[in-house]
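What Swiss-Prot lists as active site is Lys129, Asp147. Here Swiss-Prot flags Lys207 as site 'Important for guanine/8-oxoguanine distinction', drawing on sequence analysis.
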Amino acid sequence: MEELLKELERIREEAKPLVEQRFEEFKRLGEEGTEEDLFCELSFCVLTANWSAEGGIRAQKEIGKGFVHLPLEELAEKLREVGHRYPQKRAEFIVENRKLLGKLKNLVKGDPFQSREFLVRNAKGIGWKEASHFLRNTGVEDLAILDKHVLRLMKRHGLIQEIPKGWSKKRYLYVEEILRKVAEAFGESPGKFDLYLWYLVKGKVDK
């Protein structure tokens, strides 16, 4: 852990303004966004699973509110055009998730751990990591996003022995708690800490 904290201290000053700016955007979306805005963000998180944040951002710009109203085949075609690896399946997930429209604002404002579990149980294409990602991107600070970049860092620094092949609730919460302790030692919430980790790995602050 000490070596990771040293690496993070080296980039703290240059990363902090970018992290704070990005988190303000997240909070604004959570506080001022419409149900449709929040649904588009949930769809972004569905798309980034087994793809990339860059691809998800590109799709979000191209499709916009189409996530809310496009017919299934049109949405699948749009995802094909932006190069998604699984356009048909992801389009099916997004269309099925439209049943959650009207519930998202309450989830963002509710208890983050209960909201995350609700999404894991009720949203298609959303697991523990993706639910954490959505809630963090709407201004929730308490959850860790355990993606492959973060897990590789944790393994390299001896925080975990191996990268999990899949997530049960128990396993996710266990690894999240390890990362939470590192975030606390760094003086940041898990949600913001993730952005510092991204900056360390990628040299930029994505969402």
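Keep in mind that glycine also has a Cβ here, set from the backbone N, Cα and C atoms.
Sequence features annotated in Swiss-Prot and their locations in the structure.
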{"residue": "Lys129", "record": "active site", "DSSP class": "helix"}
{"residue": "Asp147", "record": "active site", "DSSP class": "coil"}
{"residue": "Lys207", "record": "site 'Important for guanine/8-oxoguanine distinction'", "DSSP class": "coil"}
Mind checking which of Lys129, Lys207 has the fewest other CB atoms within 10 A of its CB? They're the recorded positions. Lys207
Using Cα coordinates, what distance in whole Å links Lys129 (active site) and Lys207 (site 'Important for guanine/8-oxoguanine distinction')? 13
Around Asp147 (active site), how many other CB atoms lie within 10 A of its CB? 18
